[in-house]
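Pulled from TrEMBL, these are the features on record:
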type	residues	note
SIGNAL	1-27	signal peptide
DOMAIN	71-144	domain 'Cadherin'
DOMAIN	144-250	domain 'Cadherin'
DOMAIN	251-365	domain 'Cadherin'
DOMAIN	366-467	domain 'Cadherin'
DOMAIN	467-573	domain 'Cadherin'
TRANSMEM	584-606	transmembrane segment
């Protein structure tokens with residue numbers, strides 16, 4: 001690290017000597033001069049200096065504070081930046097720095113000094129400002145922010161600026177320590193650098209195609225003109241930009257392409273490759289196609305790579321031209337002259353052979369769209385017109401015509417293409433028919449083509465005029481003469497001008513018809529003052545004639561009804577009554593429907609009334625009777641629910657049902673006596689089993705033949721017996737012969753009437769299932 005120069009040291013000593021001499025002269029003058037009321041400051045200093053990064057160890061002596069009033073009873077005190085921390089002053093006024101200073105961090109410290117009495121601490125002299133300046137050392141090197149990248153266009157003139165570099169030095173820029181110079185370390189034959197850092201070209205022949213980029217090194221050094229000093233380097237990349245200075249050229253002078261004749265316009269035939277050393281954005285080739293035959297069928301344009309692309313302008317025909325011989329030239333309007341490739345061999349003209357390949361083409365119609373017109377009164381089988389198609393190939397195959405639309409009113413001759421009407425036409429239904437005719441080759445691949453046919457049906461005056469607004473016409477009884485009852489309008493479905501004439505078939509004594517133009521006419525009252533009880537309908541026969549050729553007319557009957565309008569002449573009441581009225585036929589139909597419904601309801605009620613339930617005569621409903629245990633004429637002993645029914649009612653019910661049917665098989669064979677017959681002796685077990693089989697047959701026989709009578713000798717058992725019955729439930733649904741441990745021997749104690757039931761539920765040790 002360098003030291004301050006000799007000049008700087010001499011400058012400092014001169015400043016101190018000047019300050020000291022001034023101070024002494026001032027003191028002398030004050031001592032010898034007269035006493036003044038106000039004394040001047042007696043400070044003998046202003047600025048102090050200290051080198052940055054001073055060698056050695058602190059403290060470092062900076063300078064000395066002096067005052068003419070300083071004595072043994074005073075001392076110096078400093079305040080300000082770094083006071084009493086970095087800088088300290090002793091009793092004699094010597095200032096020392098207790099830290100090393102860095103000018104790049106802070107170059108000047110501003111402080112104040114004062115002289116005070118040691119004992120009273122009162123100021124002896126007012127405060128005075130002074131500075132401590134840090135002198136610079138060359139302790140920083142130049143610094144570049146980063147590497148640089150510049151660009152310049154090829155063929156730029158000499159002296160063109162490429163870019164500017166800048167290096168910074170943190171040292172004092174007013175001294176040589178902070179002054180920077182630049183030097184180019186390589187590429188000096190092509191580039192140069194100025195003292196400001198601007199890099200310029202030394203030549204005007206930079207060629208991107210020869211070398212597209214350069215890398216040069218720049219050095220920045222401080223302390224100019226001296227061999228010593230600090231330095232830094234940076235790398236600069238220089239890119240050479242492209243211009244269109246190279247001529248485009250074909251890669252070869254002969255191109256051969258094949259294309260089928262059925263390709264459509266804009267089809268790509270082939271690519272003519274082009275060489276150009278310039279970049280894509282600077283290539284601008286223009287192609288010219290000759291002769292006119294080729295130019296009318298083909299065109300050449302650029303692709304993204306700037307090659308020449310040959311495309312079709314229109315369809316080709318092998319039978320017309322089978323081969324094209326073309327010449328294509330290339331040029332660049334924006335080429336910089338003279339071009340770099342001027343000395344090279346370039347191909348700016350090429351020959352192109354294009355061979356047309358034959359394909360089997362579909363038939364070709366003479367027109368894509370055929371338009372015909374026909375009167376709507378044309379007869380069936382009337383000729384409409386003719387379409388024509390041919391095979392464009394050399395084979396000249398025959399063509400067959402057809403119409404695939406089944407709704408088309410035209411048929412076509414398959415061989416000749418003539419079209420005739422197949423049915424009558426009506427312009428008012430369809431005014432224009434559009435269909436397609438198919439032409440297919442006979443044989444070969446059966447190729448097809450299509451043509452559109454538009455058939456316009458022209459109008460014939462075949463519709464009679466009609467009237468509008470001729471319904472619900474009313475006239476008031478007190479209508480005045482000349483009043484308009486209704487304005488009627490005529491129209492026609494035909495195309496002729498809608499101009500009609502109106503007249504009455506026969507004159508009316510009460511009404512007149514006055515045409516008003518615009519195909520309208522007014523019905524007016526002639527006399528007025530109709531009688532109050534006149535409710536007649538007046539009929540007017542109106543004849544309307546159209547302007548067609550020949551003209552057609554129609555006769556329409558207009559009905560005018562009378563209306564009692566009242567003084568306000570309001571006819572809406574009559575019109576509303578008519579709209580809401582019902583015809584006689586509708587009224588008759590409605591009445592018949594209502595009458596039929598009434599008759600059906602009466603018949604249903606009478607049937608319900610005279611159809612009685614047989615159980616009603618018992619005094620109870622059927623549900624109550626079904627819940628009882630019915631057997632013979634009365635219940636046996638032990639039954640606790642005999643209060644549930646009346647035996648006399650059951651008997652009377654049986655008598656009302658008519659004579660009882662004959663007894664069943666079981667009743668004839670073995671029916672218990674109703675008297676007090678002696679109780680028979682129980683039969684052996686074998687007899688009981690025989691009786692069981694007989695009972696089953698008897699029950700089946702009675703169920704088959706006795707439909708109305710109540711079988712009193714049948715035991716009706718349901719799921720629930722009387723609540724006080726000792727037998728509990730005897731329902732067959734709750735009884736099972738398997739796994740039952742109930743004892744029904746108590747049934748033998750109920751008497752002979754329950755003998756069969758006791759035998760049915762009795763327990764016999766010798767019984768088993770195999771005996772049944």
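Even glycines carry a Cβ here, placed using N, Cα and C.
Mean predicted confidence for the domain 'Cadherin' (366-467): the pLDDT average there is 91. Summarised by DSSP class, the composition of the domain 'Cadherin' (144-250) is 0 helix, 46 strand, 61 coil. Per-class residue totals from DSSP over the domain 'Cadherin' (366-467), listed helix then strand then coil: 0 helix, 48 strand, 54 coil.
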